[in-house]
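Quick notes on the structure that follows.
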Amino acid sequence: MEAVIASFEPRAQKEKPVQATQGVPARKGALRLLMAVLGRGSPLELAIDSSLDGITMANDRALARHLASTVLRWLPDLDALIDSATPKPLPDDARARMVLRIALAGWLKLGTPQHAAVATALPLVEGGPRRLVHGVLGNLMRGEAILPEVPHLPDLFAIRWAMDWGPEVAEAAARSLAEEPATDLTLRDPAETAKWAEALGGVSLLPGHVRVRRHKELGGALTEWPGFAEGAWWVQDVAASLPVRLLGAQAGESVLDLCAAPGGKTLQLAALGAEVTAVDVSEARLERVRENLARTRLSATLVVGDALRWEPGRLFDRILLDAPCSATGIFRRHPDVLHLKGSRDLTPLTLLQAALLRRAAAWLKPGGTLVYATCSLDPREGERVAERVVATLPRTPFAADELPLGLEATADGWLRTLPGMLENEGGMDGFFISRFRKLA
Ligand SMILES: C[S@@+](CC[C@H](N)C(=O)[O-])C[C@H]1O[C@@H](n2cnc3c(N)ncnc32)[C@H](O)[C@@H]1O
């Protein structure tokens with residue numbers, strides 16, 4: 001998973017006052033989404049099409065997604081409230097628990113009036129569970145039910161991130177989970193930064209970057225924002241734009257973008273004027289790259305291929321390997337990664353990452369530069385993988401004057417972006433970025 005190039009769903013914010021059972025389709029959609037993520041372990045983005053099938057109103061779709069995302073941000077806290085009001089614990093994936101989570105998220109976080117939260121919950125359950133949902137909501141609404149100011153991370157991540165990065169990073173991660181983050185855009189032409197920052201009502205943290213907070217004037221779908229149709233920008237967290245910035249590609253150089261889809265970094269490289277070959281194993285995801293290249297009027301050679309078997313038959317000046325990973329660094333935008341079952345065993349991923357890195361290194365010209373990056377907060381997918389190749393591929397540490405945003409390299413010469421960094425400006429995703437040069 002990676003920064004989405006463009007979400008085509010309009011965003012729902014505070015829910016408008018709901019009449020009686022208006023809003024039931026959105027709750028049904030949210031319920032199906034949560035069943036897919038929490039019941040079957042599907043990533044939220046992959047569950048959207050099937051879960052929201054039949055929900056035609058854009059507002060209902062947006063609200064369904066926003067409710068599901070809000071539940072995922074506050075899951076341990078919502079569950080603690082539910083457990084405090086049920087006679088015996090409900091199974092994690094019980095329909096009644098899912099419906100209660102949605103009703104409480106609507107009431108406590110989206111401003112749904114109490115009567116509407118109840119009226120939209122009850123049609124989703126029948127029989128005994130319906131009486132249970134009614135009773136639990138009644139109990140909680142009569143009492144002093146509140147959510148904490150800062151959500152609790154699931155225990156696994158609270159403990160792991162405190163151990164790996166320190167308690168202050170885990171605390172910042174929890175703070176950053178409370179709200180949907182701002183939308184970051186990367187511009188096709190960095191010379192137009194001021195123009196687009198003004199047109200979009202955003203702020204720029206770097207040349208070629210604009211950060212847009214959700215605001216009423218823009219509202220609606222991203223596709224309607226100024227500059228979308230003409231391909232002036234694409235959605236990409238500021239941290240996700242750093243690997244290409246640090247690869248140092250020049251116009252006319254040959255660059256291999258390995259594991260390229262959905263293509264944020266391919267677009268960045270193509271915008272620099274590099275001759276880009278973008279490879280991805282997923283034809284469907286590569287189609288997104290194709291669409292985005294067409295919209296931005298940029299070009300790259302696209303190859304559907306498994307990088308473990310594909311052979312380029314040539315060498316490249318520079319290679320970017322943005323490897324598949326657990327995506328825990330993008331939990332603010334994709335809170336489902338904190339709850340996906342099956343994502344706990346990292347061994348297959350770390351073996352794949354190391355194998356991809358070794359293959360990529362073989363395709364580099366002598367003197368060429370390779371960047372290995374992941375959007376994971378787990379050192380087993382970042383530092384530990386990079387350390388495995390340094391004996392054969394010397395690292396090129398990041399110099400202080402080439403690191404933007406006040407970032408500093410680690411003692412080993414890598415770059416780590418972590419929760420808490422840029423917090424006053426709205427934060428950034430968690431990335432690991434390493435750079436190597438092949439001896440000439
Ligand atoms: C982290 S995402 C890449 C994000 C992309 N670089 C961007 O900036 O938009 C990882 C990608 O690796 C692809 N992938 C996974 N295994 C692969 C393999 N064996 N060969 C090629 N691509 C692979 C996935 O399909 C996925 O699109």
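The backbone N, Cα and C atoms fix where each Cβ goes, glycine too.
Annotated in TrEMBL:
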- Cys375: active site, nucleophile (ACT_SITE)
- Cys259, Ala260, Ala261, Pro262, Gly263, Gly264, Lys265, Asp280, Asp306, Asp322: S-adenosyl-L-methionine binding site (BINDING)
- 169-439: domain 'SAM-dependent MTase RsmB/NOP-type' (DOMAIN)
- 1-21: region 'Disordered' (REGION)
Counting Cβ atoms within 10 Å across all protein chains shown, which of the recorded positions Cys259, Ala261, Cys375 comes out on top?
Cys375
Round to a whole number and give the Cα-to-Cα distance in Å for the pair Asp306 (S-adenosyl-L-methionine binding site) and the residue listed as 'active site, nucleophile'.
20
Distance, the residue listed as 'active site, nucleophile' to Ala261 (S-adenosyl-L-methionine binding site) (CA atoms, angstrom):
14
Across all chains shown, how many C-beta atoms besides its own are within 10 angstroms of the C-beta of Asp306 (S-adenosyl-L-methionine binding site)?
10
Over the domain 'SAM-dependent MTase RsmB/NOP-type' (169-439), work out the mean pLDDT and round it to an integer.
95
Helix, strand or coil at Ala261 (S-adenosyl-L-methionine binding site) [DSSP, three-state]:
coil
DSSP-derived class (H/G/I helix, E/B strand, else coil) of Asp306 (S-adenosyl-L-methionine binding site):
coil
Please report the Cα separation of the residue listed as 'active site, nucleophile' and Gly263 (S-adenosyl-L-methionine binding site) in Å, rounded to an integer.
14
Only counting partners 6 or more residues apart, tell me which same-chain residues put their Cβ under 8 Å from the Cβ of Lys265 (S-adenosyl-L-methionine binding site).
Ala240, Pro243, Val244, Asp257, Leu320, Asp322
Counting across all protein chains present, how many other Cβ atoms fall within 10 Å of the Cβ of Gly263 (S-adenosyl-L-methionine binding site)?
32
